[in-house]
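Engineer: Structure below; questions to follow.
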């Protein structure tokens, strides 16, 4: 917790998100990239990568 600044980067003066937001929890709750899937640590929602 407390390191959300690592999930953003600035390119050409614009802020770009590195990870996806959780569709259940909404903006502000990032999903973790586990290689074969995206997972939300708050609600447990998981999206499998192809």
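FYI, residue positions are counted from 1 along the chain as it appears here.
Each residue, glycine too, has its Cβ placed from N, Cα and C.
The Zn(2+) binding site annotation in Swiss-Prot covers 22, 25, 40, 43, and the record cites sequence analysis as its basis. What Swiss-Prot lists as zinc finger is 22-43, and the listing cites sequence analysis.
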Engineer: Output the one of 25, 40, 43 that, of all these binding-site residues, has the highest number of other Cβ atoms within 10 Å of its Cβ.
Structural biologist: 40
Engineer: List, in sequence order, the same-chain residues at least six positions removed whose CB sits under 8 Å from that of residue 22 (Zn(2+) binding site)?
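Structural biologist: Same-chain residues close to residue 22 (Zn(2+) binding site) (Cβ under 8 Å, separated by 6 or more) are 29, 30, 31, 40, 42, 43, 45.
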Engineer: Quick check: which same-chain residues outside 22, 25, 40, 43 lie with their CB within 8 A of the centre of the Zn(2+) site CB atoms?
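Structural biologist: Along the chain, the qualifying residues are 23, 24, 26, 29, 31, 41, 42, 44, 45.
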Engineer: Count up the helix, strand and coil residues in the zinc finger (22-43) according to DSSP, in that order.
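Structural biologist: Helix, strand, coil within the zinc finger (22-43): 0 helix, 13 strand, 9 coil.
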